[in-house]
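S.K.: Got a structure for you, written out below as structure tokens; questions coming shortly.
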């Protein structure tokens with residue numbers, strides 16, 4: 001097989017010329033930005049995915065076109081390695097360089113990648129491509145596929161799917177079906193079968209009621225949840241809202257509910273204490289919420305899901321009398337009360353890592369059962385080979401708890417945070433415990449917290465260490481943050497540059513909500529002064545601090 005790079009990149013310059021002079025940086029979210037400027041990046045990522053697959057002996061590499069929780073005009077692209085993990089860090093750097101070179105340098109850059117990685121361009125290459133339901137995604141998917149075809153790779157287009165589904169398809173194929181069948185039906189069947197076998201015929205238990213309100217963020221998750229409902233035997237009674245008749249993530253979705261601390265629009269929560277759930281635009285984040293008898297909103301976020309899951313899995317491990325290490329991974333955004341509960345009540349070790357699912361996933365691999373959730377609701381559970389073998393052995397000996405444990409593993413999408421899989425797991429645990437939302441909430445009391453984001457000229461002036469909990473630059477910023485924190489009770493605060501926007505994010509915790517908001521404001525004023533804020537006020541959807549500036 002012969003590849004003529006000159007012909008290919010003449011085509012690339014004509015069909016997918018580079019329009020943006022802004023430098024892209026491959027991060028946890030891959031490349032992300034306004035969709036009008038992404039065609040060139042998409043084509044080049046198709047090229048890169050083809051080369052990546054060849055480096056890995058023809059294993060399937062995935063490409064997902066999505067901007068997740070970002071507004072509808074945005075889009076993005078990220079690559080999925082053969083085991084369902086995020087792209088290898090070395091190749092993140094390669095991706096960054098490839099996307100940022102000029103059209104004139106493109107041919108030379110690809111030749112350099114081929115040479116430095118000793119890639120046999122005549123070898124087989126296989127790439128799967130999927131997209132969310134943004135109106136510009138089909139155009140960008142074509143650009144990716146053209147990039148694959150340009151290097152004579154094999155491309156399979158899955159169309160509109162969730163990000164977790166793409167991870168599942170990649171792993172299912174590369175595992176030769178051991179993980180599951182690499183089709184939509186295979187995905188639905190695996191999760192539904194496990195869920196319904198665990199649940200059995202008893203659909204309600206004690207205070208648990210078989211009724212759930214689902215906010216689909218007008219994204220692909222709403223479409224797929226409707227597919228689930230059609231295939232389930234009424235084992236979970238779900239009512240779907242924001243199913244696609246509005247803008248993706250606009251005043252709805254997991255990020256909106258988490259940050260705004262309020263119910264999404266177009267979702268009438270008329271009854272108190274009803275379980276409600278929101279996913280984000282590509283269905284890899286999930287948060288629960290409800291309003292109580294007094295009409296007060298309560299959030300059950302990723303921290304709450306993590307503690308619920310950890311408690312349940314520890315119980316299964318003890319019931320099966322297994323010797324397995326269990327650990328929980330969090331980020332600095334985890335509520336301090338959840339960390340105390342995990343360490344002191346559940347007796348599970350906690351690790352703190354930098355924001356971004358790739359950091360949590362990597363750390364979770366160190367345990368036999370690694371549980372990780374970001375506070376935003378993005379997370380999953382990973383089981384080691386040892387854990388699966390031990391549980392299977394116990395199940396083969398007739399241990400019913402171990403047999404249930406195997407079904408729980410099937411219910412979990414280990415490859416990445418999967419909102420729908422996580423929902424089915426949470427519903428399984430609540431049903432088992434016979435809990436309503438109030439009993440779940442009562443496990444511990446969250447410390448009041450508050451978040452701000454500050455628009456800046458260059459977010460990279462802020463650099464951090466210690467899992468983003470300490471600022472290294474600007475020099476002196478961390479010392480001043482520490483001094484401000486001392487003025488508040490049970491307080492902590494940190495700042496970090498966003499991975500997806502030109503903003504600096506501020507997080508604050510304190511003994512009362514008023515103190516948390518004041519602390520965040522004080523830190524925000526400091527950061528704006530030292531990091532070159534470009535707006536006259538701090539940006540937060542609920543609060544205006546214009547009087548301070």
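From the backbone N, Cα and C atoms, a Cβ is placed for every residue, glycine too.
According to TrEMBL, the active site, phosphoserine intermediate annotation covers 68. Marked as Mg(2+) binding site by TrEMBL: 68, 280, 282, 284. Summarising the annotation, TrEMBL assigns substrate binding site to 374, 375, 376, 496, 497, 498, 499, 500, 505. Taken from TrEMBL, the feature domain 'Alpha-D-phosphohexomutase alpha/beta/alpha' applies to 60-98, 110-177. The domain 'Phosphoacetylglucosamine mutase AMG1' annotation in TrEMBL covers 182-287, 301-435. The domain 'Alpha-D-phosphohexomutase C-terminal' feature in TrEMBL is assigned to 488-523.
Structural setting of the listed features?
M.R.: The 10 Å shell around the Cβ of residue 68 (active site, phosphoserine intermediate) contains 29 further Cβ atoms across the protein chains shown.
Of all Cβ atoms in the shown protein chains, 31 besides its own fall within 10 Å of the Cβ of residue 284 (Mg(2+) binding site).
Cβ neighbour count for residue 499 (substrate binding site) (all protein chains, 10 Å cutoff from its Cβ): 15.
In the predicted model, residues of the domain 'Alpha-D-phosphohexomutase alpha/beta/alpha' (60-98) average a pLDDT of 95.
Within the chain, the domain 'Alpha-D-phosphohexomutase C-terminal' (488-523) has long-range Cβ neighbours (under 8 A, six or more residues past its boundaries) at 27-29, 32, 70, 332-333, 335-336, 355-356, 447-460, 462-464, 468-471, 477, 481, 531, 533, 538-539, 543, 545, 548.
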S.K.: Which one is it: of the binding-site residues 280, 374, which Cβ has the fewest other Cβ atoms within 10 Å in this structure?
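M.R.: Least crowded of the binding-site residues 280, 374, by Cβ count within 10 Å, is 374.
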S.K.: Counting every protein chain present, what is the number of Cβ atoms, excluding its own, within 10 Å of the Cβ of residue 505 (substrate binding site)?
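M.R.: Result for residue 505 (substrate binding site): 21 neighbouring Cβ atoms inside 10 Å.
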S.K.: Please report the distance from the Cα of residue 374 (substrate binding site) to the Cα of residue 68 (active site, phosphoserine intermediate), rounded to the nearest angstrom.
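M.R.: Between the alpha carbons of residue 374 (substrate binding site) and residue 68 (active site, phosphoserine intermediate) there are 15 Å.
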S.K.: Give the residue counts of the domain 'Alpha-D-phosphohexomutase alpha/beta/alpha' (60-98) per reduced DSSP state, in the order helix, strand, coil.
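M.R.: Across the domain 'Alpha-D-phosphohexomutase alpha/beta/alpha' (60-98), the residues distribute as 10 helix, 14 strand, 15 coil.
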S.K.: If you count Cβ atoms within 10 Å of each one, which of the binding-site residues 376, 497 comes out on top?
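M.R.: Of 376, 497, the one with the most crowded Cβ is 376.
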S.K.: To the nearest Å, how far is the Cα of residue 282 (Mg(2+) binding site) from the Cα of residue 497 (substrate binding site)?
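M.R.: Each residue's Cα considered, residue 282 (Mg(2+) binding site) and residue 497 (substrate binding site) end up 23 Å apart.
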S.K.: With helix taken as DSSP H, G or I, strand as E or B and everything else coil, how many residues of the domain 'Alpha-D-phosphohexomutase alpha/beta/alpha' (110-177) land in each class?
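M.R.: Secondary-structure breakdown of the domain 'Alpha-D-phosphohexomutase alpha/beta/alpha' (110-177): 33 helix, 13 strand, 22 coil.
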